[in-house]
Protein chains: 2
Amino acid sequence: MKVVKFGGTSVSSAEQIKKVFQIVTADPERKIVVVSAPGKRKKDDIKVTDLLIKCGEEYCKTGNGKEAFRAVVDRYAEIAHELGLSEHIIDRIAADLQEILHGDRSNASRFMDAVKASGEDNSAKLIAAYFQSCGVEAHYVNPKEAGLFLTDEPGNAQVLPEAYEQLKKLRDRSGILIFPGFFGYSKTGEIVTFSRGGSDITGSILASAVGATVYENFTDVDAVYTVNPNFVYNPKEIHEITYKEMRELSYGGFGVFHDEALIPVFRAGVSVNIKNTNNPNHPGTKIVHHRNNQNGPVVGIASDTGFSNIYVNKYLMNREIGFGRRLLQILEDFHLSYEHTPSGIDDISVILRQSQLDLATERKVLERIKTELHADEVHIEHDLAMIMIVGEGMRQAIGTMSRAAAAFARSGVNILMINQGSSEVSMMFGVKASDEKKAVQALYEEFFTKSLV
Amino acid sequence: MKVVKFGGTSVSSAEQIKKVFQIVTADPERKIVVVSAPGKRKKDDIKVTDLLIKCGEEYCKTGNGKEAFRAVVDRYAEIAHELGLSEHIIDRIAADLQEILHGDRSNASRFMDAVKASGEDNSAKLIAAYFQSCGVEAHYVNPKEAGLFLTDEPGNAQVLPEAYEQLKKLRDRSGILIFPGFFGYSKTGEIVTFSRGGSDITGSILASAVGATVYENFTDVDAVYTVNPNFVYNPKEIHEITYKEMRELSYGGFGVFHDEALIPVFRAGVSVNIKNTNNPNHPGTKIVHHRNNQNGPVVGIASDTGFSNIYVNKYLMNREIGFGRRLLQILEDFHLSYEHTPSGIDDISVILRQSQLDLATERKVLERIKTELHADEVHIEHDLAMIMIVGEGMRQAIGTMSRAAAAFARSGVNILMINQGSSEVSMMFGVKASDEKKAVQALYEEFFTKSLV
């Protein structure tokens, strides 16, 4: 049995959904199909999830939002129409969304979760109807009825261990099961979603629960690339990658696969195959336990911008037991999460995502650090990029840091920070955001094209 | 006016104290002389401070300790005798030590501070007596009477800001002032010491308080070396170094100058000159605000062993706000201070000095981390070395990390961790203790002998 997941662009139009049907029915092992909400059809298109967020926010503010509601229903109607489905399915989708929008809005994050989840839920209903219209036995499966129970953290839920026992029973059902991604239910029966892009997580949980032979994750690229294609022309594809490598790259900025989706399949020993809906015969990228190390020590280079550095200096800081802990406590009081904390004798830096900080919060945080910790100096630096090089081969290869540092030097980029030492499969470099591209290109050249030069 | 400090080996024997006399009287600007307790005369000798610690501990345990007491007094007696001083000074030293040893032992750390401080105190009395016997106007100065007030932290005190105003008045006294290093008094009149080697701190405070033109720190080497002479034969000397560089190197394992001694002179803008009592015409090493960057980006390489790494792994750690803070709280509960905390997505490492950990504490700490933080994996690794390369020139020099990493690679040493990013003048590398020497040699070769190769 295979679990197959289709991303937003794979279900964005009737044409795409027909490809989904071809792919699923081409292999009788493809029994469980997880679907996203319709994504972009072209570059400047708007994803249904974004339309829903706008719609939900308007209802929250004004109790109304006809235009956005109409835009959502129209997207589904257009698809249904082109797939030759009856009006009935659209009436059902419209009624369902209306009910949610006019439901309980007293808890905004709970309400927004329900609105967002309808994107995947209605996508699954529509695709099940299309499969049925083609004469195939297919069933929409509701996550509540199937037992996908999650922690009660709106917008950021995690699967509960007991869900696996329930979901395992999906094995015994007949026909093709169309399962909406992205959301599940709390133990009290409320809709809760995973973090954005969480349909990958749904697929991973189902693949793990039913003990799938493989979890096929269909997207719109032939494979995971070794580097961001916006930075390097025609970059090499990754044929095989380990779970751990993939998790680090996903966290480091690779958007192809959600970083939290890997652990369920990793624990269950289910391999993942990332494939292209538009080119299904391409072998894609396989995520496995062990791989042959053919490409040298590094498997991929990820990068991300939008980081800030809070720098704190205090004479004799290193003698003060509890200084670091109290600094982190202040950040915690503002619900700020941080990424790295490089330190010197009398100073410590905290690297965090700047999207968490508005100007007022920033001022308050710096003020508290200054006054409560009696710091000699506190300042914040914005617009940093974090670059991560990942590869299990780095454990053995002694010269990897040397090669990486040489690449930075050649590109003329100053390394502002290095975080290496806890993870054995990655190294993290902080640079100015304006240096990101140059540095990534130099690293790519060092680790992936050296032999060609 | 110059403040001159003489370390333990410079006052370890009559012969050495005669050199001190020559040096001080050769320059009429040398008005304030800070002295340590007598140190080692030869390699297997015992420092008076260590004799005193033994003596104090025996009195604490048994209320007696004649043998150790005798050993201390004999050291002073031998010196006094060879200097041709009367028995009177030895009687005074013996009586003074007796009084301390038979004093209040209810607070062990306070008692030990008083016992240890007597080493410097009696050294100063003896040297003042010698200067007087040579017909020079010299006075022993008691730190309490002079106003050297410290925080009430036995064995680890810090100067109180109000001390400077008092100590400034030393300018107006006549003759050469012989001032004992290493200790001062709390506001309630109790003797408290700086951390070990703290005579450097006394000298720095005095030089800063009186606005000395220079703080001359006499020791037993011609200069500060660029690297540990046990690892590299005949290493290059440092002629000029900035306060910041020196502080980092001292912290990183350079024993020549106490790392806490730099800030008072730095703030007051007093330059430091490290010189050799046995070769006083050698220019030594100057510690200054700005230096000419002639040696390339790196000024020195320090290293130290005896570090452990507590490794903690937990799935989705990076999502858990407060995880790092709670981990540090557990260490704080055991009064453990840490040096670095490199982190990955799901893991964090805490590097700390292993001298703080006995086996029982270690087990308790790991157990608490495991159970309270629900960590998936916790383990500890011992016998790590930390290597630090220091230099203000690294700020500008883009390729420094590349050169350092290349040196590690050539030496075949695996870099276990890197901490770079908060301090702009140093980079810190963690390696196995058994790799320390090899790595330091390779770094020395890279940064100090490259042009010769």
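Every residue gets a Cβ built from N, Cα and C, even glycine.
Copied over from TrEMBL, here are the features:
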BINDING   B:Lys5, B:Phe6, B:Gly7, B:Gly8, B:Thr219, B:Asp220, B:Tyr225  ATP binding site
BINDING   B:Thr49, B:Glu120  substrate binding site
DOMAIN    B:389-453  domain 'ACT'
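Distribution of TrEMBL features across the structure.
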{"residue": "B:Lys5", "record": "ATP binding site", "contacts (Cβ under 8 Å, 6+ apart)": "B:Val33, B:Val34, B:Val35, B:Ser36, B:Gly181, B:Ser199, B:Asp200, B:Thr202, B:Gly203, B:Tyr215, B:Glu216, B:Asn217, B:Phe218"}
{"residue": "B:Phe6", "record": "ATP binding site", "contacts (Cβ under 8 Å, 6+ apart)": "B:Val20, B:Val33, B:Val34, B:Val35, B:Ser36, B:Phe218, B:Thr277"}
{"residue": "B:Gly7", "record": "ATP binding site", "contacts (Cβ under 8 Å, 6+ apart)": "B:Ser36, B:Gly39, B:Ser199, B:Asn217, B:Phe218, B:Thr219, B:Asp220, B:Thr277"}
{"residue": "B:Gly8", "record": "ATP binding site", "contacts (Cβ under 8 Å, 6+ apart)": "B:Ser36, B:Ala37, B:Pro38, B:Gly39, B:Lys40, B:Lys47, B:Val48, B:Thr49"}
{"residue": "B:Glu120", "record": "substrate binding site", "contacts (Cβ under 8 Å, 6+ apart)": "B:Val35, B:Ser36, B:Ala37, B:Pro180, B:Gly181, B:Phe182, B:Phe183, B:Ser199"}
{"residue": "B:Tyr225", "record": "ATP binding site", "contacts (Cβ under 8 Å, 6+ apart)": "B:Pro235, B:Lys236, B:Glu237, B:Ile238, B:Gly300"}
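B:Tyr225 (ATP binding site) falls within a strand when secondary structure is assigned with DSSP. Look at the domain 'ACT' (B:389-453): DSSP puts its residues at 36 helix, 13 strand, 16 coil. Model confidence over the domain 'ACT' (B:389-453) stands at 87, taken as the mean pLDDT rounded to a whole number.
Under the DSSP three-state reduction, B:Gly8 (ATP binding site) is assigned to helix. Among B:Lys5, B:Phe6, B:Gly7, B:Gly8, B:Thr219, B:Asp220, B:Tyr225, the residues given in the record as binding ATP, the maximal Cα to Cα distance rounds to 19 Å.
Of all Cβ atoms in the shown protein chains, 17 besides its own fall within 10 Å of the Cβ of B:Asp220 (ATP binding site). Counting every protein chain shown, the Cβ of B:Thr219 (ATP binding site) has 25 other Cβ atoms within 10 Å. Other Cβ atoms within 10 Å of the Cβ of B:Thr49 (substrate binding site) number 24 in total over all chains.
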